[in-house]
Amino acid sequence: MARKPIIRIIGSLNIDFVTLTPRVPGPGETLEAKSMTVHAGGKGSNQAVACGKAAYTSPTEQDVQVEMLGAVGAGDPYYASLLKPTLTKSGVDTRYVEEVEGVQTGTATIIVDEGSNGENRILFVPGANHHVDDLDKIISTTTQDGVPDVIVMQGEIPKPTVLGLLSTFNSDRHKTCVVFNPAPMFDTIPLSALKDLAVLVVNETECLLLFKAVQELRDIETPSEENLTPHLDRLTSHLHDLASISIVVVTLGSRGLYYSVASKPTRQQARGLIPAAKVAKVVDTTGAGDTFVGYLSTALARHVSKQGSLEGFDVQEASLRANEAAAKCVQRSGAMESIPFGYEI
Ligand code: ATP
């Protein structure tokens, strides 16, 4: 039997402690809050869950193998009782999650201020995520059992690891496609790190950093976050030209998304704007971006495993489906829980 396409997510795993409060306490003040709930989280594991769920073609069948590589604290009861079961239930293989002695699993303490439209304040403690730092070991683990068709990365593990993996796996040597979502945003995104990247996915905030990076080399105006769209053709032309990135996707929240593809031999560019799918009621947008990345990466893995390369990948079709999935996500509450299964789309 032919092997299934493989996606490996190399990224963070966190436990989220979410406190709802009527307002944020002042210095020295103790305030009675409304509730505290504990959730599985982390940008890496959210996107792993999105890939895992997207791969379900029916409630019992998954056509893509999804693997998480990262680190948690050894003996962490929240990993054992919450995070690992959530990943497993979503069809994610956790055998490459290392349990590191003497450190805590990463945490995010999220304060939701109900008095100001549910605005979040987040304290992130990287913990074991900082131990995803042995580049040689990660590269050998990722190449020894056959290189995955797609590698998905974000910005919540140490920056030298991310940059080292990008420069290793973006080269043609390794016959894999990297999907990079630099979230939560790096303070700068060096174009040199994106050289030959297969797929870059950014939201509006991260997109502004790309304008800044391009501005250092080319004459380009940086627009406001609200007025990005008319400037995206120019930005992406420069990105294809300066860094040879094959596909750039900018997610635009309730306005949908923009994509641009440059095919390598002809350098021909195809681009388009896809409006967000209409939803009856937006309940919670947390995880919408991760859902999009997961669905796009899963479609890409299916293509690469069949064709052997990115060439011919229908970005528009994959983005339309990812857009539908993300719209489903915003109509449900929670992060991982709200991500739909592939057979629901
Ligand atoms: P998050 O950090 O919350 O995961 P993000 O900032 O990375 O989100 P967004 O650009 O806000 O990502 O949204 C990702 C995708 O989700 C959009 O491209 C769109 O497809 C979908 N989406 C977001 N908001 C809405 C909405 N109000 N209605 C329909 N679809 C939406």
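If you go along the chain as it appears here, the first residue is 1 and each next one adds 1.
Each Cβ is built from the backbone N, Cα and C atoms, and glycine gets one as well.
Automatic prediction, not curation, is the source of TrEMBL annotations.
According to TrEMBL, the features are:
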{"type": "ACT_SITE", "residues": "ASP290", "note": "active site, proton acceptor"}
{"type": "BINDING", "residues": "ASN14, ILE15, ASP16, GLY42, LYS43, GLY44, SER45, ASN46, GLU156, ASP290", "note": "substrate binding site"}
{"type": "BINDING", "residues": "ASN203, THR251, LEU252, GLY253, SER254, ARG255, GLY256, GLY289, ASP290, ASN323", "note": "ATP binding site"}
{"type": "BINDING", "residues": "ASP284, THR286, CYS329, ARG332, GLY334, SER338", "note": "K(+) binding site"}
{"type": "DOMAIN", "residues": "9-340", "note": "domain 'Carbohydrate kinase PfkB'"}
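Known features from TrEMBL, placed on the structure.
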| residue | record | DSSP class |
| --- | --- | --- |
| ASP16 | substrate binding site | strand |
| SER45 | substrate binding site | helix |
| GLU156 | substrate binding site | coil |
| ASN203 | ATP binding site | coil |
| SER254 | ATP binding site | helix |
| THR286 | K(+) binding site | coil |
| CYS329 | K(+) binding site | helix |
| GLY334 | K(+) binding site | coil |
Within 10 Å of the Cβ of GLY256 (ATP binding site), how many other Cβ atoms can you find? Include all protein chains, please.
-> 18
SER45, ASN203, THR286: which of these binding-site residues has the highest Cβ count within 10 Å of its own Cβ?
-> SER45
Going through the binding-site residues ASN14, ASP16, LYS43, SER254, ASP284, CYS329 in sequence order, which have a CB under 6 Å from an atom of ligand 1?
-> SER254
Candidates ASN14, ASP16, LYS43, LEU252 (binding-site residues) - the one closest to GLY334 (K(+) binding site) by CA = ASP16
Given the binding-site residues ASP16, LYS43, CYS329, GLY334, the candidate whose Cβ has the fewest other Cβ atoms within 10 Å is GLY334
Taking only the CA atoms, the spacing between ASP284 (K(+) binding site) and LEU252 (ATP binding site), expressed in whole angstrom, is 16
Given SER338 (K(+) binding site) and SER45 (substrate binding site), what distance in Å do their CA atoms have, once rounded to a whole number?
-> 14
Including all protein chains shown, what's the count of other C-beta atoms within 10 A of the C-beta of SER254 (ATP binding site)?
-> 12
By CA distance, which of the recorded positions (ASN203, LEU252, ASP290, CYS329, ARG332) lies nearest to ASP16 (substrate binding site)?
-> ASP290
Are there any residues in the same chain, six or more apart in sequence, whose C-beta is under 8 angstroms from the C-beta of ASP290 (active site, proton acceptor), and if so which?
-> LYS43, ASN46, GLN47, VAL49, ALA50, ALA335, ILE339
Cβ-based isolation winner (fewest other Cβ atoms within 10 Å) among the binding-site residues GLU156, ASP284 = ASP284
How big is the gap, in Å, between the Cα of THR286 (K(+) binding site) and that of SER254 (ATP binding site), rounded to a whole number?
-> 13
Close in space but at least six residues away in sequence, with Cβ under 8 Å from that of ARG332 (K(+) binding site), the same-chain residues are VAL283, ASP284, SER338
